[in-house]
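A.B. asks: Per Swiss-Prot, the features are:
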- 11-305: domain 'Hcy-binding' (DOMAIN)
- C208, C290, C291: Zn(2+) binding site (BINDING)
- S321: phosphoserine (MOD_RES)
Amino acid sequence: MAPAGRPGAKKGILERLESGEVVIGDGSFLITLEKRGYVKAGLWTPEAVIEHPDAVRQLHMEFLRAGSNVMQTFTFSASEDNMESKWEDVNAAACDLAREVAGKGDALVAGGICQTSIYKYQKDEARIKKLFRQQLEVFAWKNVDFLIAEYFEHVEEAVWAVEVLKESDRPVAVTMCIGPEGDMHDITPGECAVRLVKAGASIVGVNCRFGPDTSLKTMELMKEGLEWAGLKAHLMVQPLGFHAPDCGKEGFVDLPEYPFGLESRVATRWDIQKYAREAYNLGVRYIGGCCGFEPYHIRAIAEELAPERGFLPPASEKHGSWGSGLDMHTKPWIRARARREYWENLLPASGRPFCPSLSKPDF
């Protein structure tokens, strides 16, 4: 199957999803740019769009080449409560970078907001909605294609975000950073999905905090909740690029390896192909990743779902399906690995003789 660029007028996000098309999101920005030296851990704010625009542009380009057809603005935690006077310039610059790269392929631009830093301490609906509305005004000015409210651990705040984003004429997606146990107020994933759709979201799901397997379990519960309530919405999943089956209700942030010792937990490209297929079989059509999800992980989604999409991404020009490029290797035992069965059944070692398989969460 040859790579293709899909020329022509771009369809909107809902038009794509309603036709059954697979939409591939992007992946990790904060964790990846921290590793590359452009984001400060702890603050996790996106000044890099102004201070190091080439680094952000390059990462967008890598995701586009890997198969992403959504360029999400790098505006995580870019609200006034986190960035004070810099918030407006950061949001505007992030939109410009995402639009520039999206224009090089069949990609849409999504303006992204996330949970605020003040909800846990002061549930001031008017103040929180004002913060969301400020970012929305920039997204409208920059004419993003649709909107994403992501990384919400409380459904009440996520509903407030959806209500604000619905003030625009753009489609709204919302993802919560919850596992099968539900949000931090013990509201089930199914009930969370119902409340979000009733608030006006067209696309619902989960992102971050949990690995692919756990995130798909949560998606199944969301889907069941919507079906039981007689509601319809498109489903979206963007998990970690890490394995974290041992984390607690708060997700990987409670693991002792977070954030600087997660490398031994990185999912392989083959893990991600399995995740992509399982997500598709569950009925999810917006499939991407979050923290730890590198461009090669996105390529794995695009390759696994190439039969459904009808084309491969440009990055597949240098990548043989299921290791097929290894059949040219000079060593016979490496040539023997040029097959799906080998990689699909491999249980990778960590190389650390005293490394435990699982950790005990700190919280």
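Glycine too: its Cβ is placed from the backbone N, Cα and C atoms.
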A.B. asks: Please work out the number of neighbouring Cβ atoms within 10 Å of the Cβ of C208 (Zn(2+) binding site), leaving out its own Cβ.
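C.D. replies: The answer is 28.
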A.B. asks: Per DSSP, C208 (Zn(2+) binding site) is which: helix, strand or coil?
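C.D. replies: Once the DSSP labels are grouped into three classes, C208 (Zn(2+) binding site) ends up as coil.
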A.B. asks: Quick one: mean pLDDT on the domain 'Hcy-binding' (11-305)?
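C.D. replies: 98, rounded to a whole number.
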A.B. asks: Using Cα coordinates, what distance in whole Å links C291 (Zn(2+) binding site) and S321 (phosphoserine)?
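C.D. replies: Computed Cα spacing between C291 (Zn(2+) binding site) and S321 (phosphoserine) is 25 Å.
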A.B. asks: If you take the centroid of the Cβ atoms of C208, C290, C291, the listed Zn(2+) site, which other residues of that chain have their Cβ within 8 Å of it?
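C.D. replies: Filtered neighbour residues, in order: S28, L30, I31, Y151, C177, N207, R209, Q238, P239, L240, G241, G289, G292, F293.
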A.B. asks: Near the residue listed as 'phosphoserine', which residues of its chain come within a Cβ-Cβ distance under 8 Å, counting only those 6 or more away in sequence?
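C.D. replies: Spatial neighbours, sequence-distant, of the residue listed as 'phosphoserine': E303.
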